[in-house]
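Per TrEMBL, the features are:
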type	residues	note
DOMAIN	27-83	domain 'Two component regulator three Y'
DOMAIN	126-184	domain 'Two component regulator three Y'
DOMAIN	216-283	domain 'Two component regulator three Y'
DOMAIN	315-377	domain 'Two component regulator three Y'
DOMAIN	411-475	domain 'Two component regulator three Y'
DOMAIN	508-571	domain 'Two component regulator three Y'
DOMAIN	604-667	domain 'Two component regulator three Y'
Amino acid sequence: MGEILLEIEEKEIIDRAEPINIKVINNTNEELKYKILAGKDGIWETLKEFNEKAEVNWIPGDDGNYMIIAEAKKKNSNKSFDFKVSQNVAVGVNEDRLIKRLYVDKDNLTIGEKINLYVDGDVPLIMYRYFINSKNGWQLIKDYGVDNSLTYTINEEGTFEFLVEAKTTDSPNSFDDFKTISFNAVGFKKPEITNFSCLSEERLVDRELSFEVHGNFEDERTALYKFVKINPNGKTYCIQDYSTRKMVSFIEKKAGSYKLLCMIRDMYSANDFDDRAVMVYEVLSYKPLELKGFTTDLSSPQINGANVLIKSIVEGGNNLLYRFKIDGPIAEDSGYTRNSTFVWNTKAKGDYKIILWAKDEQCDKEYEIEAIINYTVEEKRVKPVIITDVILDKDKDYLVNESIKVKVITDGGYNLRYSFVILKNGLKQEEIPYGNANWTSFTPKETGEYELEVRVKDKYSEKEYDAHTVFHLKVKEYIEGKIQHILVPSKGYFLVGDKIELEAILTNTNETLIKYVTKINEQIVEETNYINNNKITVVPKCSGKYEIELYAKNKKCKNGFDNKREVKFYINDALPVTNTKISANKAIYKLNEELNFITTSNGGAAVCYEYYIMINGSWKLVQRYSRKNYYTFRPFIPGQYRLLVLAKSHYNKKRSYEDYDSLEFIVEE
């Protein structure tokens with residue numbers, strides 16, 4: 001854009017009687033109008049109003065230090081000025097100047113950096129004051145003082161100028177000398193949000209939701225993050241004000257469509273934010289229902305009079321309801337119950353439809369999931385083949401490359417054969433054909449959801465199977481780290497300075513890492529990395545509500561955490577004040593005799609006491625809270641008296657007192 005410069009005929013000491021030529025040099029590509037001013041001791045004189053002429057001749061008239069300012073603006077501009085430049089001149093001032101020179105520790109800065117200005121004075125007993133010239137014009141930074149240095153933080157970009165005015169301590173002038181020095185400040189690369197993700201696989205009501213943001217910014221700078229949640233009704237809530245913490249967690253109490261706004265800015269940025277991103281997420285009342293299996297223990301066809309066990313496996317929801325309907329010659333309807341199985345006693349031959357309806361208790365629809373099995377009942381009576389039990393060598397924690405053993409227990413039939421089919425995500429992985437062995441083993445090579453189908457049939461049966469069942473196995477790469485219990489000292493009352501040892505009881509301890517986050521009054525004060533240590537010692541340095549969050553994960557976990565637990569306790573400054581007692585130095589109380597009362601108590605820290613006295617039914621505050629545990633007075637009125645003392649710890653600002661005692665006595669004439 002260019003700039004304007006001042007060209008003054010004389011730059012050193014000028015004779016006040018001689019005209020001085022002041023000229024403005026236009027280094028822009030604009031047609032400009034110029035205004036020139038001269039100032040001394042805070043009084044300004046306009047040498048030339050705005051016009052196209054770029055120079056003026058000026059006769060100062062008085063000795064002193066002057067500042068010449070030139071303002072320029074474009075034609076048709078509505079601004080006060082578009083360009084500005086200034087320069088100092090000395091008129092009739094001898095060479096014994098107060099300010100020898102100014103210097104700064106750097107000429108070019110980045111926003112947020114500090115600049116140090118130093119003044120080199122020539123004579124003792126000098127006072128200095130400091131101004132800065134920026135986009136907002138001249139501003140006073142520091143008034144007159146003997147300090148010859150200044151540290152200033154730059155929070156905007158542009159060209160700046162320091163003005164230092166100086167005078168001797170006995171000078172009547174506004175200033176005796178001044179100098180200026182210029183420097184530049186440049187902006188920084190604004191931080192950007194590169195990734196904004198939800199770490200929670202399931203976004204459900206009353207389940208913790210965790211969100212994490214990643215930003216791109218220069219290594220030597222610090223980025224701050226702010227999170228604002230927007231409810232379905234449009235109301236906004238600040239989840240976290242600007243902080244270096246880039247992960248937030250919270251719980252939603254109602255289902256609906258929410259928005260989470262994340263704002264990022266540099267720590268020294270003057271903007272409300274440098275970049276932002278918004279995430280729209282849906283919170284459901286419960287996990288959507290998914291049908292994993294719908295089978296009968298006896299395959300079709302079966303004989304009349306058989307008891308057929310109908311089994312359903314449905315995942316999701318909070319409180320599931322199941323309804324089984326039999327459509328055929330003799331219809332049956334179980335109605336909605338919480339049972340996922342139904343025993344159907346076949347009473348007549350024919351073709352049937354076995355219908356499953358399933359829904360969550362909160363659902364108003366007739367059903368959320370429907371499944372149908374076609375089934376035939378025959379008259380011929382043959383003892384059916386039944387799978388009575390399937391035994392696996394473990395009931396959970398199925399891992400990649402670890403063998404899983406299966407054994408089948410059956411009843412009925414004559415000469416049974418067994419087959420096993422392994423599927424992953426609906427695709428067949430392995431099939432063991434029919435044979436005499438009622439057991440098998442397989443080793444999963446990948447993570448994922450597996451189905452193990454067990455088939456049994458009689459040797460002479462022409463069916464695909466006479467009985468079958470399906471098991472669902474979730475195979476993982478590792479056993480998730482889980483916090484079973486958190487052991488906390490049985491001591492129920494904790495004080496500042498106590499050593500509080502917490503121990504987490506973990507599953508798979510050797511392979512589990514744990515991170516500790518310490519909060520005081522809901523503010524995070526300490527956060528560790530994931531470490532292989534299930535113990536932590538907390539030594540509180542202040543009172544308040546403490547909350548220790550424990551995040552556990554397996555060493556192989558790549559994203560987020562596997563399990564989270566927390567423990568809360570309150571830290572007190574001291575034990576409560578108790579057993580407060582007032583004692584007197586006399587047993588008989590006489591008129592005009594000095595009485596001394598001493599108060600003792602147990603517990604507390606730096607206990608303070610406040611005394612009230614009641615004389616003939618009227619209360620009066622006689623000694624406000626102080627460390628004095630005694631009260632002395634001389635009664636001048638006979639009658640009945642009552643002395644009340646309130647006691648509390650000095651640090652207890654929330655309560656008016658913690659304990660009290662009173663003493664009644666009669667003053668005799």
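Going from the start of the chain as shown, residues are counted 1 onward.
The backbone N, Cα and C atoms fix where each Cβ goes, and this holds for glycine too.
When each of 126-184, 216-283, 315-377, 411-475 is checked for Cβ pairs under 8 Å to the domain 'Two component regulator three Y' (508-571), 216-283 comes out on top.
Residue counts of the domain 'Two component regulator three Y' (604-667) by helix, strand and coil are 0 helix, 42 strand, 22 coil (DSSP-based). Residue counts of the domain 'Two component regulator three Y' (315-377) by helix, strand and coil are 0 helix, 37 strand, 26 coil (DSSP-based).
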